[in-house]
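Visitor: Quick one: this structure, given as structure tokens, is what I'll be asking you about.
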Amino acid sequence: MKFKADEISSIIKERIEKFDFNLEIEETGKIISVADGVAKVYGLKNAMAGEMVEFENGEKGMVLNLEESSVGIVILGKGLGLKEGSSVKRLKKLLKVPVGDALIGRVVNALGEPIDAKGVIEASEYRFVEEKAKGIMARKSVHEPLHTGIKAIDALVPIGRGQRELIIGDRQTGKTTVAIDTIISQKGKDVICIYVAIGQKQSTVAQVVKKLEEYGAMDYTIVVNAGASDPAALQYLAPYAGVTMGEYFRDNSRHALIVYDDLSKHAVAYREMSLILRRPPGREAYPGDVFYLHSRLLERASKLSDELGAGSLTALPIIETQAGDVSAYIPTNVISITDGQIFLETDLFNSGIRPAINVGLSVSRVGGAAQIKATKQVSGTLRLDLAQYRELQAFAQFASDLDEASRKQLERGQRMVEVLKQPPYSPLSPENQVVIIFAGTKGYLDDVAVSKIGEFEAALYPFIEAKYPEIFEQIRTKKALDKDLEEKLAKALSEFKANHI
């Protein structure tokens, strides 16, 4: 087959026009040293702080240190097979995690990858792990209640949607139980819960997931797990991944609750990374920016303004103290960032007062505005009464002859302490709480033996539900006690006592 000269030139021209000269330029570097989950890399001159990189073995890393001749990269994986001289390439993007309804009911790692063997997560959207917290104008003050189902908290240290309330105490004082109870209490309230486990034993996390499944709470819960055996980098990232997932629901006019269990281990993971990256240590060997580590995380919880959809993200960070020392570095930092704290005490826990909440040291700085009026009416003097009871109790140990008024106050105090006790995983509705606290503060329990108060309470709710259902209904709808309702409640309690004591 012969071509004419002009045909040949047109074919060559056509081929040149069709030629796809798509050249991809990659910026790569070489590992100088790798140890303890951190790689020092030479050659990534244009790398940016927080940028993602990819190692030869396919594992991802995150740039944290920018030095004169090298960059410090934390490895987001085991780092096996990485050695000196291995190549590293820039990905020119920041870390994103999957968000959305597809994650509900799943257990994921700090990168949003499933670890529950329930298949792939088909996420509709990915969001940056590091986001700037909302500004002042985008927020609204906390005014809606977030019921924990725990009498002592809802009555004395109420939590509102969009609040940050710290749960603080020594190990084995029931901190996680308070958080899990709060998650269980959100059933049927259209609140998405996120439980972030940082540096926990895998057996402990498995137990938490089992409890949540048992009470039907996994239907609206996401569990983010960075266990004790995971690299420090993943433990550092886990809370940020969790809050990013929570922000998705908040920004879509929904309500979310996030639990960080716990931020003490989070700070330890960050300290470990910082020391390996040779950043100068400060107080208790923590780096200088450990306050910013937690403030930028907790500031992302908020109640949005009506213009932005009025969604909310409530945070319950947990801090573990050593021998009740709340004046250590991390506890004081987080106390100053949050809107109040629930202080759990070993002595109370061991003496059978559970939840072991120290009412004197616990406070909610903004939750009062969110408390329903009925609870406020019945528990108005409760904090003062309990404080006076504690004072009298200390005095009564030394003085045997107390006057009648003091003796009565002491006896009522004992009964109120008993009323505020609650078994784990049994949250109470606000109307049930109002009824039993009303009974205690108005003296209906004064002639009930302290040991019988638990039985009295257990029998009271079904009795009112059967005989006076309108009491619960009115508290639910009106959210306040009027004269008529108080009279009905007094009548119901008198009738119940006559039949059951």
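Every residue gets a Cβ built from N, Cα and C, even glycine.
Quick caveat, the model's predicted, so the values are computed rather than measured.
Among the features that Swiss-Prot reports, ATP binding site is placed at Gly169, Asp170, Arg171, Gln172, Thr173, Gly174, Lys175, Thr176, with the record citing sequence analysis. Sequence annotations record features per position, and here Swiss-Prot assigns site 'Required for activity' to Ser362 based on sequence analysis.
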Visitor: In the same chain, which residues outside the set Gly169, Asp170, Arg171, Gln172, Thr173, Gly174, Lys175, Thr176 have their CB within 8 A of the centroid of the CB atoms that define the ATP site?
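Guide: Going along the sequence, the neighbours appear as Glu320, Leu344, Thr346, Phe349, Ala356.
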Visitor: For a quick check of packing: other C-beta atoms within 10 Å of the C-beta of Gly174 (ATP binding site), how many?
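Guide: A 10 Å sphere around the Cβ of Gly174 (ATP binding site) contains 19 other Cβ atoms.
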Visitor: Which of Arg171, Lys175 has the fewest nearby Cβ atoms, counting only those within 10 Å, among these binding-site residues?
Guide: Arg171
Visitor: Across all chains shown, how many C-beta atoms besides its own are within 10 angstroms of the C-beta of Thr173 (ATP binding site)?
Guide: 27
Visitor: Please report the DSSP secondary structure of Thr176 (ATP binding site), reduced to three states.
Guide: helix
Visitor: Between the recorded positions Gln172, Thr176, Ser362, where is the Cβ count within 10 Å the lowest?
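Guide: Result for the recorded positions Gln172, Thr176, Ser362: minimum number of other Cβ atoms within 10 Å at Gln172.
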